[in-house]
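Pulled from TrEMBL, these are the features on record:
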DOMAIN    7-129  domain 'Phosphotransferase system enzyme I N-terminal'
DOMAIN    164-236  domain 'PEP-utilising enzyme mobile'
ACT_SITE  HIS200  active site, tele-phosphohistidine intermediate
DOMAIN    264-556  domain 'PEP-utilising enzyme C-terminal'
BINDING   ARG307, ARG344, ASN470, ASP471, ARG481  phosphoenolpyruvate binding site
BINDING   GLU447, ASP471  Mg(2+) binding site
ACT_SITE  CYS518  active site, proton donor
Amino acid sequence: MSIQIFGLPVSRGVAIGRAVLVASSRVDVPHVFIDPTLIESEVGRLLSARDVVATEFEVLKRDLPADAPAELAALLDVHLMLVQDEALVGASADWIRERHYNAEWAVSAQLEVLARQFDEMDDPYIRERKADLEQVVERLLRSLSKGKPSAVPDGGEHRDFGGDEPLVLVASDIAPADMLNFKRSVFKGFVTDVGGKTSHTAIVARSMDIPAVVGARQASHLIRQDDCIIIDGDAGLVIVDPSPIVLEEYRFRQRQSELERGRLARLRHTPAVTLDGERVELLANIEMPEDAPAALEAGSVGVGLFRSEFLFMNRGGNLPDEEEQYDAYRRAVESMKGLPVTIRTVDIGADKPLDGLSAAELRHESVLNPALGLRAIRWSLSEPSMFRRQLRALYRAAVHGPVKILIPMLASQREITQTMEHIAHAKRQLTEAGRSFGEVQLGAMIEVPAAALTLPLFLKHFDFLSIGTNDLIQYTLAIDRADEAVAHLYDAWHPAVLQLVANTITQARAAGKGVSVCGEMAGDPAFTELLLAMGLRSFSMHPTQVASVKQRVLRADTRRLAPLLDQVLYSEDPEAACESLLSQTNGGASPVARRA
Ligand code: PEP
Ligand code: MG
């Protein structure tokens, strides 16, 4: 029977494929297809891991102290039985043979199948054995990661041997750092139970331009391994087991959006200039140096936000040293071939923990209010040597091309003063060490209302401002951006937010300082005309969004837009006001699409 699950649309487009359910804690296990000629060798890897784990259990049992409780020996027997059970290893081998999954993926997929069977048991004793099964699988995965890796065909990388049918990932939650693995993964879309529209997991999905729905509550319980599902990333809808008619309708939409993409791609080399000749800078947001070529390819004229924290995540506390960071920043700078690269100092905390915890797990941690806690510049100032290490690496990278440094989440004069002291200190250290370094422009992110209301402080000390609307909305409206329970209240069109954004742009321009928007608002074409009307001429967004924003810029006339601004800002429903005013005034611009 077909069912529909509603969530939040976070990344556009349609994905149709078979569901792969993965437990949140195992999203980071490798998911690769095995070359058909190497299938038996992969099954061999699985069987060896099984034997290693079985021997471990036997040794543990043999070495139990004489006074150990009898239950312990019984438990080890259960674990031994589970690891040797065909329902686990035999069925996992089937996933390898039939679907060409690598062993780690096969075991995780089979765990999800068995875990469901356990959940459905009436007997509570048997239901609880699920935890034993998870422990056994954990050991198997550990053994696989220590043993020899999956074989790769001679002279080749892992390629897509999975057949024609795309795969989509379904998980309760995915940590932002794990999302990065998606860039190299086989999945064509994903669904999670939790998350908000501008949670970092959603942001990374948008950067990859793969259809995604988050906050779909029960999705990982309602969807079964291998179900056929449609992800409608525009409407925030997941359809499980669709009827042939619905499937055909979505296939049609997929083809339409491919055509539209092709049309937009032709704008790549067209300069972003409005009808009345205003030049607009469209910059890219990136997470890793490897994303820079895609930014160039998309036609962006620089990087407006390099979220450097992704270099710091999932490293077991082993943070990157100065050389590693210098190398990463230099690569980004060199890839951009002389265009400016704005690198933000580390913004760890809130829904971007250093080590793999997802937003939902974080909420269950003892950390109270992580979004209001030690994050971004607050964390950097509390770790001075880490902060100066990053600053030194950034200044050194500036030798290779234009670098701008952006400081996140500043709120007070005290933080500005401390930041400037660390910058001076880092430069002194470089001079004393005889290291060459370049000049950089310094920018402040305006993403806390306190900063937006005390702009002269920031304009005095910084060369430019960048408005982080994702956090500005979160902190102005007191809505946790990663919490799906309040996602309906997270409103980029709220007049308070729009007034803070407009005021920041006006004041920065009046002071002759550069100002851009690097939050998600900049990449949403529904806001393009409004931001232009506010006087914004620099937008930073995911490379995949550049073409559609450029299309809006090319059709806009800022002389017609500017007079509409006050009517939108001071309206009770700015979104409706914007849409209606634009459709009346339009000198060619298409009406603003209302949000789904
Ligand atoms: C923002 O807050 O708008 C922003 C760009 O930074 P991040 O999304 O990484 O918090
Ligand atoms: Mg932010």
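Even glycines carry a Cβ here, placed using N, Cα and C.
Rounded to the nearest whole angstrom, the C-alpha distance between GLU447 (Mg(2+) binding site) and ASN470 (phosphoenolpyruvate binding site) is 8.
Farthest C-alpha pair in the phosphoenolpyruvate-binding residues ARG307, ARG344, ASN470, ASP471, ARG481: 20 Å apart. Other Cβ atoms within 10 Å of the Cβ of ARG344 (phosphoenolpyruvate binding site) number 26 in total over all chains. Secondary structure of the domain 'PEP-utilising enzyme mobile' (164-236) per DSSP (helix as H, G, I; strand as E, B; remaining residues coil): 20 helix, 19 strand, 34 coil. In sequence order, ASN285, ILE286, GLU287, ARG344, ASP347 constitute the residues six or more apart from ARG307 (phosphoenolpyruvate binding site) in its chain with CB-CB distances below 8 Å.
CYS518 (active site, proton donor) has ASN470 nearby among the recorded positions HIS200, ASN470, ARG481, counting only those with a Cα within 10 angstroms of its own Cα. The two recorded residues, ASN470 (phosphoenolpyruvate binding site) and HIS200 (active site, tele-phosphohistidine intermediate), have Cα atoms 10 Å apart. Checking the binding-site residues ARG344, ASP471, ARG481 for a CB within less than 6 Å of any atom of ligand 1 leaves ASP471, listed in sequence order.
Between the CA atoms of ARG481 (phosphoenolpyruvate binding site) and the residue listed as 'active site, tele-phosphohistidine intermediate' there is a gap of 9 Å, rounded to the nearest whole number. A gap of 11 Å separates the Cα atoms of HIS200 (active site, tele-phosphohistidine intermediate) and ASP471 (phosphoenolpyruvate binding site). In this structure, ASN470 are the binding-site residues from ARG307, ARG344, ASN470, ARG481 whose C-beta falls under 6 Å of some atom of ligand 2. All protein chains included, CYS518 (active site, proton donor) registers 29 other Cβ atoms within 10 Å of its own Cβ. In the three-state DSSP classification, ASN470 (phosphoenolpyruvate binding site) falls within a helix. Cβ contacts within 10 Å of HIS200 (active site, tele-phosphohistidine intermediate), excluding its own Cβ and spanning all protein chains shown: 26.
Sequence-distant contacts (6 or more apart, same chain, Cβ under 8 Å) of ASP471 (phosphoenolpyruvate binding site) comprise MET409, MET445, GLU447, VAL448, ARG481, GLY519.
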